[in-house]
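To keep things clear, I will list the structure first and then write my remarks on it.
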């Protein structure tokens with residue numbers, strides 16, 4: 001059954017086969033990316049299961065000559081091929097799967113619209129629940145049972161997930177294909193550049209735009225012209241030629257503006273993503289220098305402390321959605337409690353606090369190391385690993401604000417036909433954050449070693465000054481937060497189309513500032 005096109009709600013189809021005009025709907029886009037991930041996981045599992053695809057184990061006999069035997073070209077090729085395929089599949093799945101989930105809520109139904117405000121909270125809750133299972137159960141299996149079973153279980157789980165996804169496909173709401181967003185944006189930018197000398201008329205009604213019925217037939221909302229990024233309005237000025245690379249509609253221009261307006265916000269999320277990258281790098285390396293014993297026979301793996309980030313995030317998301325949002329809604333009249341940018345801002349403030357605590361904790365650790373003469377030897381410092389617990393717990397709380405709001409913001413503020421591109425901004429932020437983390441680490445390590453200085457970051461953390469590096473991060477967080485406040489102050493939320501009555505197609509602009 002398809003949605004009602006007469007009320008302007010024909011952009012969805014539920015049968016997953018044809019749209020309202022009888023045209024086929026592309027159903028394999030998201031499933032195809034997931035299948036790519038499945039192929040990568042299968043190869044990865046085979047690379048640690050088949051004797052011909054994995055190097056010989058050393059076992060307890062370290063004198064075995066096979067221990068010095070390196071992996072063959074075939075073994076390395078299969079392993080890295082699996083990783084690259086998995087990376088490609090993940091890159092295609094992540095933005096699309098959250099988008100199709102959010103698309104299941106009807107913007108014109110007040111009840112469904114209210115539920116949509118909580119969707120990304122519980123979406124991230126499920127993601128981190130899976131991460132908790134991976135960081136605890138799977139890590140234990142891989143360390144104590146074997147890598148074959150450790151990779152085989154998630155591969156089997158992914159196969160079941162794909163089967164469930166495909167079985168449910170006919171019942172999902174599907175957005176109709178509307179072309180490449182990059183092509184749409186390129187046409188606007190090229191058209192505006194080619195008409196650089198053309199004057200934009202003072203009356204927006206003189207710009208090129210289609211009739212409302214033309215948009216209603218395709219289930220697309222027409223967007224009125226706005227004064228921001230006015231230079232792009234030149235793309236809609238009528239000068240004679242009607243080529244799509246010379247003349248664009250106002251709606252196309254405004255969609256391009258909406259994507260470009262998010263780029264400054266995207267840039268300000270790079271530093272928080274860099275802070276997030278420390279969980280599995282420097283935080284773990286710190287943990288290796290501390291006393292990890294729990295009882296006489298058990299040692300805590302340093303990486304397992306990341307589970308506290310996940311647990312903290314799960315609890316924070318539940319508290320935020322069930323208690324904080326209803327409480328703040330009474331004061332702000334915002335259905336989300338606070339705006340998305342405000343939520344991100346709270347998380348950034350927590351990041352400043354985290355890096356400050358990290359610096360003070362590391363300073364205490366170094367003082368104890370000096371007191372016990374462990375600076376040169378790099379031995380284990382007689383401090384429990386749980387002194388790192390506050391920074392892990394606070395990072396989970398920060399994620400409940402920054403990461404959830406970031407994903408929802410880029411989805412919510414993207415135009416209707418560019419939602420997947422919008423959510424991909426959140427993935428781009430994480431990717432650049434990891435690259436930026438590596439760049440800052442290597443750069444600071446190199447610069448601080450110049451002119452005969454010891455350096456802040458050495459292999460021996462007891463002789464390093466990681467406390468200075470964390471203080472540097474705290475200052476970086478402060479500067480980024482200032483820039484974020486400026487960007488947020490001038491950001492105007494996109495137009496949201498609300499159904500005012502049964503047959504109404506009136507759009508209401510909701511303009512919020514940070």
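Each residue, glycine too, has its Cβ placed from N, Cα and C.
Marked as transmembrane segment by TrEMBL: 31-53 (among others). If you look at the transmembrane segment (31-53), the same-chain residues 6 or more away from its ends with a CB under 8 A from one of its CBs are 74-75, 78-79, 81-93, 96-97, 147-148, 150-152, 154-155, 158-159, 161-162, 165-166, 169.
The annotation transmembrane segment is assigned in TrEMBL to 73-91 (among others). Listed as Cβ neighbours of the transmembrane segment (73-91) (distance under 8 Å, sequence separation of 6 or more from its ends, same chain) are residues 33-41, 43-44, 46-47, 52-55, 427.
Marked as transmembrane segment by TrEMBL: 120-141 (among others).
Through the fold, the transmembrane segment (147-168) approaches residues 30-31, 34-35, 37-38, 41-42, 44-45, 48-49, 134, 138-139, 141 of its own chain, all at least 6 residues removed from its boundaries and within a Cβ separation under 8 Å. For 147-168 (among others), the entry in TrEMBL reads transmembrane segment.
Sequence-distant contacts of the transmembrane segment (262-279) (same chain, six or more residues past either end, CB-CB distance under 8 Å): 306, 309, 341, 344, 347-348, 351, 354-355, 358, 392, 395, 398-399, 402-403, 406, 409-410, 413-414, 422, 425-426, 428-430, 432-434, 436-437, 440, 473, 476-477, 480, 483-484, 487-488, 491. Among the features that TrEMBL reports, transmembrane segment is placed at 262-279 (among others).
According to TrEMBL, the transmembrane segment annotation covers 299-320 (among others).
Summarising the annotation, TrEMBL assigns transmembrane segment to 340-360 (among others). Packing against the transmembrane segment (340-360) from elsewhere in the chain are residues 265, 269, 271-272, 275, 278, 390-391, 394-395, 397-406, 408-409, 412, 467-468, 470-471, 473-474, 477-478, 480-481, 484-485, 488, 491, 514: each is 6 or more residues past its ends and has a CB under 8 Å from a CB in it.
The transmembrane segment annotation in TrEMBL covers 380-402 (among others).
Taken from TrEMBL, the feature transmembrane segment covers 423-448 (among others).
Residues 226, 228, 261, 264-265, 268, 271-272, 274-275, 278, 282, 341, 344-345, 348-349, 351-352, 355-356, 358-359, 362, 444, 456-457, 511-514 of the same chain sit 6 or more residues outside the transmembrane segment (468-492) yet have a Cβ under 8 Å from a Cβ within it. Residues or ranges marked as transmembrane segment by TrEMBL: 468-492 (among others).
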